[in-house]
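All remarks here apply to the structure that follows.
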Amino acid sequence: MTVQSQEQPPQASKAGRNLPAAITVGLVLGALLAVGLFFVPLILVLLAAAAVSVGTWEVCHGLNQKRGMGIPVIPAVATAFVMPFAAYYGGGSWLIFTVVASILVLIGWRIVGHRDGMIMSIMGSIFVMSWVPFMISLALLLYREESGPGKVLMILLMAIGNDTWGYIAGVKWGKTPMAPKISPKKTWEGFAGSMVGSIIVGIICSLFIGDPWWYGLIVAIFLVVASTAGDLGESMVKREIGIKDMSHILPGHGGVMDRLDSIVFAIAIGYVIFSVLSALF
């Protein structure tokens with residue numbers, strides 16, 4: 001009797017993710033990020049440009065498909081791609097100029113083209129460009145500063161620690177929902193775990209890059225609040241447009257914005273806090 005072997009499907013986590021694919025993608029992106037941060041800055045800029053381009057496409061596509069916003073996708077993605085280059089090579093003034101120019105391009109595109117729903121389209125365009133490409137490009141501004149690579153890595157590690165410790169604490173002790181209508185699984189106990197984990201990571205990272213330990217404490221507190229707000233914000237957007245994942249471009253992860261939801265706001269608040277601390281001390 002011949003027994004036919006059956007090919008096993010890819011292993012999935014309890015959340016329905018393809019676990020081997022998720023780990024592989026994470027390791028590859030992590031390696032590229034490390035090389036970009038500490039050896040070849042152009043790789044970091046290209047990673048950021050790719051992330052903001054895909055992230056902008058995901059948000060525009062979701063809003064257009066589910067809510068009929070009519071955001072011009074092609075110029076949105078094209079101008080988003082330029083922002084990380086403007087931030088790294090031109091600094092803050094060039095980044096602001098690029099953001100304003102991109103919004104004007106999108107407005108002009110709508111005026112020349114189909115005018116129905118133009119106001120809603122313009123508001124959506126401003127929302128997308130101010131959220132995805134602008135906030136992520138702030139990481140390149142921070143990267144240019146003294147100890148910039150260490151500070152960017154510190155923010156990323158705290159954001160990862162925020163998600164990891166929040167998940168562990170939420171699974172083990174989570175009982176009190178934080179925002180049941182937006183993200184039913186997010187709890188105050190998980191938030192507390194995120195805070196503790198991020199503070200520990202922040203203090204250790206601060207000592208490594210030569211900053212006072214309390215820098216890490218301050219950055220961590222604000223970062224956890226910002227990351228949680230970003231996570232809830234994207235959950236609210238996805239719930240509003242009726243989707244689970246922004247896309248399926250990253251095997252095992254979903255969309256780019258599904259991975260960057262908390263990191264985007266963490267980068268923004270981290271940049272602000274580091275700038276304030278540098279100015280004051």
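The chain as shown is numbered from 1 upward.
Quick reminder: no glycine exception, Cβ is built from N, Cα and C everywhere.
A TrEMBL annotation is a machine prediction, not a hand-curated record.
Annotated features, as they stand in TrEMBL:
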type     : residues : note
TRANSMEM : 27-57    : transmembrane segment
TRANSMEM : 69-88    : transmembrane segment
TRANSMEM : 94-112   : transmembrane segment
TRANSMEM : 119-143  : transmembrane segment
TRANSMEM : 149-169  : transmembrane segment
TRANSMEM : 190-209  : transmembrane segment
TRANSMEM : 215-233  : transmembrane segment
TRANSMEM : 263-280  : transmembrane segment
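Tertiary proximity for the transmembrane segment (190-209) is limited to same-chain residues at least six positions away from its ends with a CB under 8 Å from its CB atoms, namely 147, 150-151, 153-154, 157-158, 161-170, 173-174, 178, 215-217, 219-221, 223-224, 227-228. Among the recorded stretches 94-112, 149-169, 215-233, 263-280, the one sharing the largest number of Cβ pairs closer than 8 Å with the transmembrane segment (27-57) is 149-169.
If you look at the transmembrane segment (149-169) against the transmembrane segment (69-88), you find fewer than three C-beta pairs under 8 angstroms, all six or more positions apart, and that falls short of contact. Within the chain, the transmembrane segment (94-112) has long-range Cβ neighbours (under 8 A, six or more residues past its boundaries) at 70-72, 75-76, 79-80, 82-83, 86-87, 118, 121-122, 125-126, 129-130, 133-134, 137-138, 140-141. Contact between the transmembrane segment (215-233) and the transmembrane segment (69-88) does not hold: fewer than three of their C-beta pairs are under 8 Å, each pair 6 or more apart in sequence.
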